[in-house]
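Would you mind keeping the following structure in view while I ask a few things?
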Amino acid sequence: SVKHEYEGEWNTKTRLTTCDPHAKRAVTSSESPQEVEEKEIIFTYDVEFQESDIKWASRWDTYLLMADDQIHWFSIVNSLMIVLFLSAMVAMIMLRTLYRDISKYNQLETQEEAQEETGWKLVHGDVFRPPTNFDLLCVYVGTGVQFFGMILVTMIFALLGFLSPSNRGGLMTAMLLLWVFMGLFAGYSSARLYKMFKGANWKSITLKTAIKFPATVFAIFFVLNALIWGQKSSGAVPFGTMFALVLLWFGISVPLVFVGSYIGFKKPVKEDPVKTNKIPRQVPDQPWYLHPAFSILIGGILPFGAVFIELFFILTSIWLHQFYYIFGFLFIVFIILVVTCAEITVVLCYFQLCSEDYQWWWRSYLTSGSSALYLFLYAAFYFFTKLEITKLVSGMLYFGYMLIVSYAFFVLTGTIGFYACFWFTRLIYSSVKID
């Protein structure tokens, strides 16, 4: 704070006697300070342009330099260790246990031996029985396929450098548009599964697939946006944009879901490898470690463990305004997540079938989907340890948006686990001779 002085009347060409770049007169510490009572206060600033050797195309490199890439490598090594451990378990089940089971089942010659069936072969008459609320399962599987397609294509575009952080909002716009166009695959997947369960009302299931998940997310988003409007913040999404989103949803996404569903329902249904009995078999009492709640919660730990270090960087980039530009790391972690979800679900599904519990449809979805619960708990931990948010509305915004992210993560991971088990059960039951 300096009491600046000048000679003559003040005008646009007045030069200060206390600070003059032309005369190389710089401010020193011995200058008299500016008194608060003074009526005239002079603000000054200097700008000096220096020509840079950095090319215009490389101007973002300074901001995008990741100093902590060692942590990312640690994250990937940590995730790979989990995958290798799970892969070893799956290989052991597939190559040793399953091979032995199938050889044993196929060598049974006498009727007496055939009647003494044990393990997973025992439930062959019920394993493909449609589950309760199978229409809801079809909706969630279809939505998961839509999500998987959207994330995969977005990551490939980002990996090739099409989605730069210099284009603000480019990533979100690309994800929204891809979500809309992936409705085709959502309708196709849900209709195929619904027809396999011998459902007849395909129009109802298609409408639910097109509306259920987006409606839930839009309702939460609208409430959060209303809170921002209430605070008179410029961060609120304008009404016109909201209307454009609804138009995209009902004008493009919903018709595409119907087109996909129509194509899927017209295709011939996949035949089950074994016939389903008319009367459902009673499920015996299960040991405590195979109780649905316990195995579902255990199943979600490993997929979350594979991605939680990368998750820290993503949360930091979203909530602490840092740039996230290492899509190569993110793509590797995403592949690891897919493999982990598939493997842990297959392992737990095999244990479940061996203990004569054939109700695997919903269990397979929820086992890997439960990792979303850990994601939300981690988001709460991050809120209290890293962020300094004191206002109620800001806290509600954080938890509201993280709830949407967790819900999306549940749908994505659940679908990966479901399809892994679907492939696994069809594979093992088509390998055994059943009279």
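Backbone N, Cα and C define each Cβ position, glycine as well.
What TrEMBL says about a protein is an automatic prediction, not a curated fact.
Sequence annotations record features per position, and here TrEMBL assigns transmembrane segment to 71-95, 137-163, 169-188, 209-230, 242-265, 296-320, 326-353, 365-384, 396-424.
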Could you tell me whether the transmembrane segment (169-188) and the transmembrane segment (365-384) have 3+ CB pairs under 8 A, leaving out pairs under 6 positions apart?
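Judged by the Cβ rule, the two regions do not touch, with the required three close pairs absent.
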Do the transmembrane segment (242-265) and the transmembrane segment (326-353) share at least 3 Cβ pairs under 8 Å, sequence separation 6 or more?
no
Give me the stretch from 209-230, 296-320, 326-353, 396-424 with the greatest number of Cβ pairs under 8 Å to the transmembrane segment (137-163).
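By the under-8 Å Cβ criterion, the transmembrane segment (137-163) pairs most with 396-424.
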Which range wins on Cβ pairs under 8 Å with the transmembrane segment (326-353): 169-188, 209-230, 296-320?
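The stretch I would name here is 296-320.
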Relative to the transmembrane segment (209-230), which of 169-188, 296-320, 396-424 accounts for the most Cβ pairs at distances under 8 Å?
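Answer is 396-424, with the largest number of Cβ pairs below 8 Å.
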Sort out the residues at least 6 away from either end of the transmembrane segment (169-188), same chain, that have Cβ-Cβ distances under 8 Å to it, and list them.
142-143, 145-147, 149-150, 153-154, 157-158, 162-163, 206, 209-210, 245, 248-249, 252-254, 256-264
